[in-house]
């Protein structure tokens, strides 16, 4: 299988405090890969180093065989990204944000079609700031899909959504998965991870403490549920007893 | 080109929705033209002058919108887009930093050009203004003044660590230049001490140049301000591109 994302011995620290310590992983094309870990475990830093928006202290990351810093413009023709904090100008409408995003790419998808697919056609003329949480997240999926990407990065896409909105987003992601897209996501919802991810990596204070399939993760722990296994790997045992 | 046009169209819409540039770059110059026109009418600039006070002021009035866009609008917009991580979103797309800067320069250039055409029409219709100098040369020097002022704005927006600093720096540049360089208060009526201080402001040099060209005075007089502005433009654009930060 071809490699979509290749990370080799990635290190990053902020003013001496390590955030990511020697991360290595490989995501195959068509695979859905989940990066798990508590808040502050280094997930966002890892994503940013992989995407080249932060410079790693050591190690390398390549997406589709391209260096995200040296070959930025070539790479991002084929990669869609949704960052944790959504960022759009004040007073921009849904249609305008899509149109502006489209014009950045040589071969952009038809955003009308994507909006329709994600049930946002009616909202084209609305201001982005007027959308509900779920609608906004679906809009960000549309934006990440506009480049017709081979790989998408989704950082905590469903955080802050109600269960119904979250399920809607999952449905979209499953369809993307079926279409053969490689997805790199971070999440705090183990139900979501079990449903979507082929493989996961668990970060604990910047270290990768586990990398493999969901089933392997459960088997390697003394527990039977992913959530318990996750807490066990991240050493938050007291909380396990409270579950 | 498609990227540039679409971005320009959408960002211009957003800018117009914001209204502040419309007020400071379009309405303010028009109000100033009408005020100066009524106050000074066709009085000569000084006793024995061949041109009127109003004719002398036209070049200065034409720069009000440049000043609003270049040293207020542009730095605030760049630092705002960085602060809100809008630039970071662009960083994970194929678009280049210079393309983004060009789009915003384009928007403020549109404001400036619309404003100068508008005040020319108003001056011509209501105050009988005719430009003595060559219109083509005025257009060329106007673009030079505009781009050099915009390049200052890009440096401020690019180097300011946060929005607050950008706001303070923009105000420190904007208000003295607007008041002392002759864009609103005529340079000629200021005491000599103020004139000396005003001389070091880049906009003062720009206004001097536009005044020389619009009054049809010998081109040789314009060489110093022209060189000054060109050096400023090259220097500031270099710094702006070199030190561009997405985040």
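Quick reminder: no glycine exception, Cβ is built from N, Cα and C everywhere.
TrEMBL entries are annotated by machine, without manual review.
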As TrEMBL has it, transmembrane segment corresponds, among B:193-218, B:219-244, to residues B:219-244
Under an 8 Å Cβ to Cβ limit, what residues of the same chain, 6 or more beyond the ends of the transmembrane segment (B:135-159), are close to it? 62-63, 66-67, 69-79, 101, 105, 108-109, 112, 116, 166, 169-170, 173, 202-203, 206-207, 209-210, 213-214, 219, 222, 226, 229-230, 232-233, 235-237, 239-240, 243-245
Other same-chain positions with a Cβ less than 8 Å from the transmembrane segment (B:219-244) and lying at least 6 residues past its termini are 97-98, 101, 137, 141, 144-145, 147-148, 151-152, 154-155, 157-159, 202, 205-206, 208-209, 212-213
Give the nonlocal contacts of the transmembrane segment (B:166-187) in its own chain as ranges (CB under 8 Å, at least six residues past its ends). 32, 36, 53, 56-57, 60-61, 63-64, 67-68, 71-72, 75-76, 78-79, 152-153, 156-157, 160, 194-195, 197-198, 201-204, 206-207
Where else in the chain does the transmembrane segment (B:100-129) make close Cβ contacts, counting only residues six or more beyond its ends and a cut-off under 8 Å? 4, 7-8, 11-12, 15, 21, 25-26, 29-30, 33-34, 37, 41-42, 54-55, 58, 61-62, 64-66, 68-70, 73-74, 77-78, 87, 90, 142, 146-147, 150, 153-154, 240-241, 244
